[in-house]
């Protein structure tokens, strides 16, 4: 069914227009295995960064959180991503869904929220990487050495993203294997030292529970499943590949968080306040020796690289997808002649990420979570609206539930999203509010650009099988 020309396009149509109807270049598409590991690095990248959950609420609640949260958050988000990505496969992902459901204003605002939350989240990975390196080289703890290290790492990792998405996919496979091996070894070595009663500890007396840090840590470690939807136009046979890749990635991610957490909590007795970012490396030294600590610290750096690459790809291809549907000027849809990557999307993402990386780590996580929560509330609404208003739309993968059950499935994580937003700090409210107003102003500015002819835009039709 042909829709209004303002609506987004399928990936096939977008590719044809983005090259101005020149003969299409043979592009190597992402296959199942690289896609699984890209999704894994979109979300987790290993158990790095889960430690503050123990510091914030104690061992038992941390374990309970990582056991329960995937069911109320990760699985529903992954299911929705599988259904909508296979129904509307194209670069831009969730932007296309909001546009299809509610029109270009909400599509544009979705793009603003998700893009900014994505690049803010990307900024946390150089910080996490430097935090681990600091444990070996304390010189990077502060001052100009730390600032230079953050800048150099951002530039180098962005260049790797520029040289190709398929390369990033296969690099993700290698990085995941190498970074997870020390945790497997640590968990095995820890078995004789495990004392199960430690798993039931509610935390030390006198240590106040920090619910803001606890829930933000869970959320940060288990969200962003839908980010991979912005790469749908680059995936081989997306209607078949996406559902299977998401299923495997969900299982893989949950296991990679829980096994090391059970092992370390059960085998190591330390002050609860020691459970800060990077504590797994300290625990590895207590369990097996300094050699394993160094390996985990190296693994943390490799994991941060994988996280950076996967999420930078999603942000850059979101920019490309928004250009292909006319939400951004045509220039943002230009690809590199050498690597066929969206170089301008990568550049814009890198500049914002580099600036944000100098913020406080907790503020980075909280700001990303707040903007992402706004986007997810809109995404849930778009999903339910499309199920209601377009029931006959072709959905190669369809969640096997009727609308009332789907409403419940979306309502539970939505309550959690609202809670995450309510407990945010004044700084996060201020930053997120300014960015939202900026996104609204940007939509009307783009409309003015189209009206005045200040920039060139693509004009498309959305073809959806009904």
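Cβ from N, Cα, C; glycine included.
The transmembrane segment annotation in TrEMBL covers 30-48 (among others). Beyond the ends of the transmembrane segment (30-48), by six or more residues, the same chain brings 74, 128, 132, 165-166, 168-170, 172-173, 175-176, 179-180, 183, 221-225, 227-228, 231, 234-236, 241-242, 244-246, 248-249, 252-253, 256-257, 260-261, 277, 280, 299-300, 303-304, 306-307, 309-311, 313-314 to within a C-beta distance below 8 angstroms of the stretch.
Taken from TrEMBL, the feature transmembrane segment covers 54-73 (among others). Long-range contacts of the transmembrane segment (54-73) within the same chain, counting only residues at least 6 positions beyond its ends with a Cβ under 8 Å from a Cβ of the stretch, are 198-204, 207, 209-211, 213-214, 217-219, 221-223, 250, 253-254, 257-258, 261-262, 265, 272-276, 412-413, 416.
Marked as transmembrane segment by TrEMBL: 118-140 (among others).
Outside the transmembrane segment (147-164), and at least 6 residues removed from its termini, the chain residues within Cβ reach (under 8 Å) are 126-127, 129-130, 133, 140, 171, 305, 308-309, 312-313, 316, 336, 339-341, 343, 346-347, 349-350, 353-354, 357-358. Positions annotated as transmembrane segment by TrEMBL: 147-164 (among others).
The transmembrane segment annotation in TrEMBL covers 170-191 (among others).
Remote same-chain residues near the transmembrane segment (244-265) are listed as 32, 35-36, 39-40, 43-44, 46-47, 50, 54, 59, 62-63, 66-67, 70, 74-75, 78-79, 81-82, 180, 183-184, 186-187, 190-191, 194, 198-199, 221-222, 225, 228, 279-280, 283, 287 (criterion: CB distance under 8 Å, separation of at least six residues from the stretch ends). The feature transmembrane segment is assigned by TrEMBL to 244-265 (among others).
For the transmembrane segment (294-317), the residues of the chain that approach it from at least six positions outside its boundaries are 37-42, 45-46, 48, 91-92, 115, 118-119, 121-122, 125-126, 128-129, 132-133, 135-136, 157-158, 160-161, 165, 168, 171-172, 175-176, 178-183, 186, 224, 227-228, 230-231, 233-234, 278, 280-281, 284, 341-342, 345-346, 349-350, 353, judged by C-beta separation under 8 angstroms. The annotation transmembrane segment is assigned in TrEMBL to 294-317 (among others).
The transmembrane segment annotation in TrEMBL covers 364-385 (among others).
Nonlocal intrachain contacts for the transmembrane segment (405-423), taken as residues 6+ away from its ends with a CB within less than 8 angstroms of a stretch CB, comprise 72-73, 76-77, 79-80, 211-212, 215-216, 219, 369-370, 373-374, 376-377, 380, 383-384, 387, 399. Per TrEMBL, transmembrane segment is recorded for 405-423 (among others).
Among the features that TrEMBL reports, transmembrane segment is placed at 429-449 (among others).
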Could you give the residue numbers and ranges of same-chain residues that sit at least 6 residues beyond the transmembrane segment (170-191) on either side and whose C-beta is under 8 angstroms from one of its C-beta atoms?
33-34, 37-38, 40-41, 45-47, 160, 256, 259-260, 262-264, 266-268, 280, 283-284, 287-288, 292, 295-296, 299-300, 302-303, 305-306, 309-310
Using a Cβ cut-off under 8 Å, which residues of the same chain at least 6 positions beyond either end of the transmembrane segment (118-140) come close to it?
48-49, 146, 149-150, 153-154, 157, 220, 224, 227, 277-278, 281-282, 294, 297, 300-301, 304-305, 307-308, 311-312, 314-315, 318, 349, 352-354, 356-357, 359, 361, 364-365, 367-368, 371-372
